[in-house]
Amino acid sequence: MVAKSSHSLLSLERFTFEENWDKKKERAIKIVKKLMEMYPRRTRGEILQGEPYFTLIRCIISQRTKDETTDKASDALFRVYPDMKALASAKVEDIQKLLKENGVGLWQSKGRWIVEASKILLEKYEGRVPDSLEELVKLPGIGRKCANIVLAYGFGKQAIPVDTHVNRISKRLGLAPPRVSPEKVEEYLTELIPKDLWIYVNHAMVDHGKMICRPIGPKCKECPLSELCPYFRGLVSEDDIKKKGK
Ligand code: SF4
């Protein structure tokens, strides 16, 4: 019989690392607590990136873009267009030009999304960014990852944005099956990790992914999580993870 989680659509079937839900939850909590010790940011102020609108626009710019480019372009954008009203009434071509000049990829779509999203927020939401995933994903350019980023880093709400680092590390650590989509990874993580810890997961895994659990050549020998990690024990491989997600 296949063990089911409390989440009706999740099962343990596609994991390469075998353990029951209770063991997996226990290990998930140990992993998150260890990550929190390794990369501490305990206060709300250390987690928030800025007010929700800034976080939302920054997230649109950041898609498939390096952090340094995102920072530079966001600063340049907000210097010229300091708030929602300014961006809602801006010409799309001017925003596109500014993004392009600052090295941002997908500048055509992003320029359009930024102006459209700002108009919608002003007209339909009275100038406020909604604080629910369901409403956020209705905005142009905002998928689940960005919506969760706005919730966690703009509002300080419990959410787990699954970016490339969270996706890879969760699979190496056997917290999600190796071939599932980022959306599915989010479901596994929110099932396995207690809600009061969700907000720490993204920032800690991003730091871990940049410093130790790098995409190529993870430094497993010096990783404090190695005893908890099926990848380190050869039970999940890079090939397992690279195959196409569903
Ligand atoms: S042991 Fe290796 S694969 Fe596992 S979390 Fe650490 S660096 Fe990543």
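Any Cβ shown, glycine's included, is placed from N, Cα and C.
Binding site for [4Fe-4S] cluster per TrEMBL: C213, C220, C223, plus C229 from the candidate set C146, C229. In this structure, C220 is the one among the binding-site residues C213, C220, C229 with the smallest number of other Cβ atoms inside 10 Å of its Cβ. Secondary structure from DSSP puts C213 ([4Fe-4S] cluster binding site) in coil.
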